[in-house]
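Taken from Swiss-Prot, the feature S-adenosyl-L-methionine binding site applies to Arg102, Gly135, Asp157, Leu210. The Mg(2+) binding site feature in Swiss-Prot is assigned to Glu211, Glu214, His215.
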Amino acid sequence: MIYHLISKSCQRLNKPNLINNLIKSQKQSIIYSSSSSSGSSKFISNKYFTTTSNSNNNSNNTTTTTTTTLRQDEIDFFNQQSSDWWNPEGTMKPLHRMNPFRVKYICDRLKIYNEKVSKNPIHLPLEGLNVIDVGCGVGLLTESLSRLGASKVVGLDAAKNNILMAISHASFDQKLNENIQNKSLNYLESTIENFYNIENDQQFDAVCSLEVIEHVDNPKQFIDYLSKIVKPGGSIFISTINKTFLSYISAILGAEYIFRMVPVGTHHWDQFIKPKDLESYFDSNNCQITDLKGLVYNPLTCEWDFTNDLNVNYLLHAIKK
């Protein structure tokens, strides 16, 4: 039984045009080799997060925090995957197919809870908003947020190769490159705690962290920091995988070993997280979950769909009081 991976979603082969056409401008088949980041070492160090450079730089590069949400094994893993991440038919194909659903969910929820979004034009629903994508990877979601008109978009990731690839990919698109030049789109190599310790400000209308929390150390602390950087009345969006028997069958055995949809080792069941645990973490930060929505993937059609079943993948929306 591969539960969500085969069953219900087989009945959903036709997608609404709104979803199929959402983020239509997302690039197809711009595939980079690992050599594309070789000339970009100037991006390695910044005030938020420092690492050892390949150049002869022997300065004291240390982080400023004593505790961290970073798991170095996860960073190493995703650094290795970065060169194939923008290939829509590669190892991240399920994530490419998921992205329009994630964006639709974010826009739909913001339209309900943010007055600016409810009045914005349909093609620029995020106009006037400051948004951050924490754990942005190579920028799949970040680029979409920038295209949809957000005044300020920050893509934050602790994996150096991901940030280099995100900057490189955006530079091939005229609009995104303009956004980088005028600082309305900014990619930073940093952990969430280092970013907060420097900025120390509730500055974002929306904080997004999708398919990330199951890869961090100390998820409670991670939610603490997400809650600190969102404005009162602002939104936090999380997507992750529930910690159930069915999620082990689907997301690990099915996705990694049977269907080979993602590389083996992408997920670890002990790092999956139940909605009730996230609810507790948000409650302790004066935030309230307003919505939970499941996502189901059909490996036969390579398509996602929304569902009310939260046993495997799910999205949530929380509001800071």
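Placement of Cβ uses the backbone N, Cα and C atoms for every residue, glycine included.
Note that the structure is a prediction, hence the values are computed from the model and not measured.
The secondary structure of Asp157 (S-adenosyl-L-methionine binding site), as reduced to three states from DSSP, is extended strand. Around the Cβ of Gly135 (S-adenosyl-L-methionine binding site), the same chain contributes Leu156, Asp157, Ala158, Ser209, Leu210, Glu211, Val212, His215, Val216, each under 8 angstroms and 6 or more positions distant in sequence. Working note on the binding-site residues Asp157, Glu211, Glu214: by count of other C-beta atoms within 10 Å of each C-beta, Asp157 ranks first.
Secondary structure from DSSP puts Glu214 (Mg(2+) binding site) in a helix. Apart from Glu211, Glu214, His215, the Mg(2+) site neighbourhood in this chain, defined by C-beta within 8 angstroms of the site C-beta centre, holds Gly135, Val212, Ile213, Val216, Thr240, Ile241, His267, Gln271. When secondary structure is read from DSSP and collapsed to three states, Arg102 (S-adenosyl-L-methionine binding site) falls in the helix class.
Every protein chain shown contributes to the tally, and the Cβ of Arg102 (S-adenosyl-L-methionine binding site) ends up with 23 other Cβ atoms within 10 Å. DSSP assigns Gly135 (S-adenosyl-L-methionine binding site) to coil, not to a helix or a strand. The two recorded residues, Glu214 (Mg(2+) binding site) and Arg102 (S-adenosyl-L-methionine binding site), have Cα atoms 17 Å apart. Every protein chain shown contributes to the tally, and the Cβ of His215 (Mg(2+) binding site) ends up with 23 other Cβ atoms within 10 Å.
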